[in-house]
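K.L.:
One structure is given below, represented as structure tokens, and several questions about it will come after.
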Amino acid sequence: MLSSYNTLETVDPDLWQAIKGEMQRQEEYIELIASENYASPAVMQAQGSVLTNKYAEGYPGKRYYGGCEYVDVVEQLAIDRVRALFDAEYVNVQPHSGSQANAAVYLTALKPGDTLLGMSLAHGGHLTHGASVNLSGKIFNAVSYGLRSDTEELDYDEVARLAHEHKPKLIVAGASAYSLVIDWKRFRKIADDIGAYLFVDMAHYAGLVAAGYYPNPVGIADFVTSTTHKTLRGPRGGIIMARAEHEKALNSAIFPQTQGGPLMHVIAAKAVAFKEAASQEFKDYQEQVIDNARVMAKVLQERGLRIVSGRTDCHMFLVDLRPKYITGKQAAESLEVAHITVNKNAIPNDPQKPFVTSGIRIGSPAITTRGFAEFESEQLAHLIADVLEAPTDSSVLTEVARQAKALCAKFPVYQG
């Protein structure tokens, strides 16, 4: 018999110490990685529930195992909530990650050797949009589009030119490091002109879309995927939305082609996050996310730093560090010493290697969850600029760390 007294602390003290260390790090460091956020206690409670014990291969009402009456309710709640949030015809909440959701779309729309057109990783795209090191770039003939050199905005003319030249069967829109609004309808027209499918990966923008602060690609694209963490603030996982005609093929692409049993405890946590995302509080939160990002970008520009594309319309932006003669790697390391976490990130036409880079990516979702507003975001941006102006000055790093920890103490992630 399992005893409820056998807690993690007593069963595995080594692991417990690592988790406690991570808890302390999250409380004492300012998190600016654009793809990270803090899940609510309710989301984490669902993910840590007895649902982790249940196998449920198949879909609601059509399982290969018995005893699925309650997990059917859980999964259907998640499906219905996504459908309502994004006005989707078809929804699959089983993908274990955004990458697996994307793979399912490729399996549905393409055959090995078919051509896809996606945003270049070097210009802000994602690995799964046809990068040569990823499965999407190995199995399929991947062609890449990028940004205009003069404005650093998406080059829709190039997308159209490449589409007509290469005749891809699938066009991929979406990005992991692009700060401006993407014109889904313009992509739709380009796809229609050559008879291609349009696939939108809105992983970074989904929370903003749910709140009405970023255009909704659902109903415009043939396929839409997203992660469920990032701006959606749920557990780590993926979802797929599509036109109803693709239901059978997409369901099969997830199970049995790429996955076995769904993670029912994660699907439950997703369902909680989707309910939270339908609230007015969440809408207000997403508005503040954008306000905070814009304030930080403006202050950094005033401090002499260059923002890629010149501005942000969403939760994130890239900082070009070349004028400061430091690399993204150096900047991220110095900021971490100062209790501020960012990720090094390539900028368009970056001369540095991918593990070094000439930029950093800054995102506002996590700090906004903590309660930061414009005042704190302005203060934080000045702290970042202080570090970037003197990345090797220990006295500066120590002082910034002191102020960062004070901000964290004022705005704890998990109170009580």
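Backbone N, Cα and C define each Cβ position, glycine as well.
Pasting the relevant annotations from Swiss-Prot:
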{"type": "BINDING", "residues": "Leu121, Gly125, His126, Leu127", "note": "(6S)-5,6,7,8-tetrahydrofolate binding site"}
{"type": "SITE", "residues": "His229", "note": "site 'Plays an important role in substrate specificity'"}
{"type": "MOD_RES", "residues": "Lys230", "note": "N6-(pyridoxal phosphate)lysine"}
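Structural setting of the listed features?
P.N.:
Classification of His126 ((6S)-5,6,7,8-tetrahydrofolate binding site) by DSSP places it in coil, neither helical nor stranded. Spatially close to His126 ((6S)-5,6,7,8-tetrahydrofolate binding site) yet at least six residues away along the chain are Met119, Gly174, Ala175, Ser176, Asp201, Ala203, judged by Cβ distances under 8 angstroms.
Taking Cβ-Cβ distances under 8 Å and a sequence separation of 6 or more, the neighbours of His229 (site 'Plays an important role in substrate specificity') in its chain are Ser35, Glu36, Asn37, Ala39, Pro235, Arg236, Gly237.
Non-local neighbourhood of Lys230 (N6-(pyridoxal phosphate)lysine): Ala34, Ser35, Glu36, Asn37, Ala203, His204, Ala206, Gly207, Pro365, each in the same chain, at least six residues away, with C-beta under 8 Å from its C-beta.
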K.L.:
Using the recorded (6S)-5,6,7,8-tetrahydrofolate site (Leu121, Gly125, His126, Leu127) as reference, state which further residues of the same chain have their Cβ within 8 Å of the centre of those residues' Cβ atoms, listed in sequence order.
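P.N.:
Apart from Leu121, Gly125, His126, Leu127, the close residues are Gly118, Met119, Ser120, Thr128, His129, Gly130, Ala131, Asn134, Ser176.
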K.L.:
Out of Leu121, Leu127, give me whichever of these binding-site residues has the highest number of other Cβ atoms within 10 Å.
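P.N.:
Neighbour-count leader: Leu121.
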K.L.:
Give me the long-range Cβ neighbours of Gly125 ((6S)-5,6,7,8-tetrahydrofolate binding site): same chain, 6+ apart, Cβ under 8 Å, in sequence order.
P.N.:
Gly118, Met119, Ala131, Ser144, Val172, Gly174, Ala175, Ser176
K.L.:
Work out the three-state DSSP category of Leu121 ((6S)-5,6,7,8-tetrahydrofolate binding site).
P.N.:
helix
